[in-house]
Amino acid sequence: MGKAAAVGTAVVVAAAVGVAVVLARRRRRRDLELVEGAAAERKRKVAAVIEDVEHALSTPTALLRGISDAMVTEMERGLRGDSHAMVKMLITYVDNLPTGNEQGLFYALDLGGTNFRVLRVQLGGKEKRVVQQQYEEVSIPPHLMVGTSMELFDFIASALSKFVDTEGDDFHLPEGRQRELGFTFSFPVSQTSISSGTLIKWTKGFSINDAVGEDVVSELGKAMERQGLDMKIAALVNDTVGTLAGGRYADNSVVAAIILGTGTNAAYVENANAIPKWTGLLPRSGNMVINTEWGSFKSDKLPLSEFDKAMDFESLNPGEQIYEKLISGMYLGEIVRRILLKLAHDAALFGDVVPSKLEQPFVLRTPDMSAMHHDSSHDLKTVGAKLKDIVGVPDTSLEVRYITSHICDIVAERAARLAAAGIYGVLKKLGRDKMPKDGSKMPRTVIALDGGLYEHYKKFSSCLESTLTDLLGDDVSSSVVTKLANDGSGIGAALLAASHSQYAEID
């Protein structure tokens, strides 16, 4: 009886174990199904967000043509002097661009941020061109960026004076002549001549109240006098106009310059007769360089997504510089961050917890975006490293890395195509967008481009160029060239000092 009971107990235990094993297997299978279901749901949500992003940021060619037309309309409003024009089309008073014949010693001062550059160039005319050039970069102490006008310009003039003192035998100023300077000043000014301009407001971290409303040429001139420096400021220009001048000196077919860097702008050569707001005698050259300030362009045709609208709303200048916020290096990385944040919140892209670093505005910079976008390794190693360092996610799957790279591609492509639409608009304004009606040969047309975004973000620049070719068509695009004018604004200012020299007619 005892043996039978023991056997019975063993059978019951074995049965219980068997049931437990079966139940455990079922539970594991159910848990696995739940995990697989959750993963499938996450993938579905990720795909849905990406589909919405692709749609919101899409730029079909027909839309780009409409944007170009809207750009031309705004340019014409600006040239008429319409007070409500979004694209201001500022008259620069630069009516003579360098020809290559310029000779002599000229200086340039390039002030546009926390550093400034002083440069000198010896020009040798058509044959020798740039004989010699030297430059020096100087950091501006932070306290001078918020001090007084006199303190800032005295510091700049002192550095310029020291630079002049190092002028060697390679540089020659003809007897009895005054040194001349081109002043690149990349802040908003209201110009009344080639060598005068009133500061409208400071940007880029400067806040010097007593300089606002003052003529910056006069302020610099007085500072140079205090240093005992005998130098005439022959030209006041912004960086885009300087790039145009440098581009024209290198290639006589350059008609426009585009800056695509932290910010964006365009300048081009307009027929003076096509500027209704121009008053007084027309320039002898018949031309006038226009500083478009196209970053402020906006139109209901621009594809603004929820990410763009939120970024604009939270910016220091809501409702302003809309075009710039869509295409310039200051903002592209931030747009990518906002899209990744939505994927993290709505689709758990980085897991159940949203990375806290991803919540920080502008933590993802455009150079980091570019590095991820250009990662061609089989495991997208650079993307993984950037997500670890910037977003704080130590281990990311290949799928997450691919999605991140794809978001970079979407944002960069939209920016490049919108930039191409703007360039196409400038070409339309110049009548360089179609073959001549009389059947003559299309003139060679060169666009000088500068800025870190265009120079270093290769997928951006190649997309811009292919989009411009698409907009122009094969016949016209074969005569239109985009050319990198690396660091053209500094030497461009010196060249404009030469072309607007008080001794130009004597030479």
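From the backbone N, Cα and C atoms, a Cβ is placed for every residue, glycine too.
Copied over from Swiss-Prot:
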- GLY113, THR114, ASN115, THR262, GLY452: ADP binding site (BINDING)
- THR203, LYS204, ASN238, ASP239, ASN265, GLU293, GLU324: D-glucose binding site (BINDING)
- 44-498: domain 'Hexokinase' (DOMAIN)
- 99-237: region 'Hexokinase small subdomain' (REGION)
- 238-487: region 'Hexokinase large subdomain' (REGION)
- 4-24: transmembrane segment (TRANSMEM)
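Feature map: Swiss-Prot annotations on the structure.
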{"residue": "GLY113", "record": "ADP binding site", "Cβ contacts under 8 Å, 6 or more apart": "SER186, LYS204"}
{"residue": "THR114", "record": "ADP binding site", "Cβ contacts under 8 Å, 6 or more apart": "SER139, ILE140, PRO142, MET145, LYS204, GLY205"}
{"residue": "ASN115", "record": "ADP binding site", "Cβ contacts under 8 Å, 6 or more apart": "GLU137, VAL138, SER139, ILE140"}
{"residue": "THR203", "record": "D-glucose binding site", "Cβ contacts under 8 Å, 6 or more apart": "PHE187, PRO188"}
{"residue": "ASP239", "record": "D-glucose binding site", "Cβ contacts under 8 Å, 6 or more apart": "ASP110, GLY112, THR184, SER186, ILE259, ASN265, ASP450, SER489"}
{"residue": "THR262", "record": "ADP binding site", "Cβ contacts under 8 Å, 6 or more apart": "SER328, GLY329, MET330, GLY451, GLY452, LEU453"}
{"residue": "GLU293", "record": "D-glucose binding site", "Cβ contacts under 8 Å, 6 or more apart": "VAL87, LYS88, MET89, LEU90, ASN265"}
{"residue": "GLU324", "record": "D-glucose binding site", "Cβ contacts under 8 Å, 6 or more apart": "GLY263, THR264, GLY295, SER296, MET330, TYR331"}
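For ASN265 (D-glucose binding site), the number of other Cβ atoms no farther than 10 Å from its own Cβ, over all displayed protein chains, is 24.
Apart from the site residues GLY113, THR114, ASN115, THR262, GLY452, the chain places the Cβ of GLY112, LYS204 no farther than 8 Å from the centroid of the site's Cβ atoms, the recorded ADP location. Same-chain residues that are not part of THR203, LYS204, ASN238, ASP239, ASN265, GLU293, GLU324 yet have a Cβ within 8 Å of the Cβ center of the D-glucose site turn out to be GLY112, SER186, PHE187, PRO188, THR240, ILE259, GLY263, GLY295. Secondary structure by DSSP for the region 'Hexokinase small subdomain' (99-237): 40 helix, 53 strand, 46 coil.
Contacts of ASN238 (D-glucose binding site) defined by a Cβ separation under 8 A and a same-chain sequence distance of 6+ are given as THR92, THR184, PHE185, SER186, VAL189, ASN265, ALA267, ASN291, in order along the sequence. The DSSP secondary structure for THR262 (ADP binding site) is coil. A simple way to gauge crowding: the CB of GLY452 (ADP binding site) has 15 other CB atoms within 10 angstroms, across all the protein chains here. The 10 Å shell around the Cβ of LYS204 (D-glucose binding site) contains 12 further Cβ atoms across the protein chains shown. Across the residues the record lists as binding D-glucose (THR203, LYS204, ASN238, ASP239, ASN265, GLU293, GLU324), the two Cα atoms farthest apart are 17 Å from each other.
DSSP assigns ASP239 (D-glucose binding site) to a helix. For the region 'Hexokinase large subdomain' (238-487), the predicted model reports an average pLDDT of 95.
In this structure the residues listed as binding ADP are GLY113, THR114, ASN115, THR262, GLY452; their two most distant Cα atoms lie 17 Å apart.
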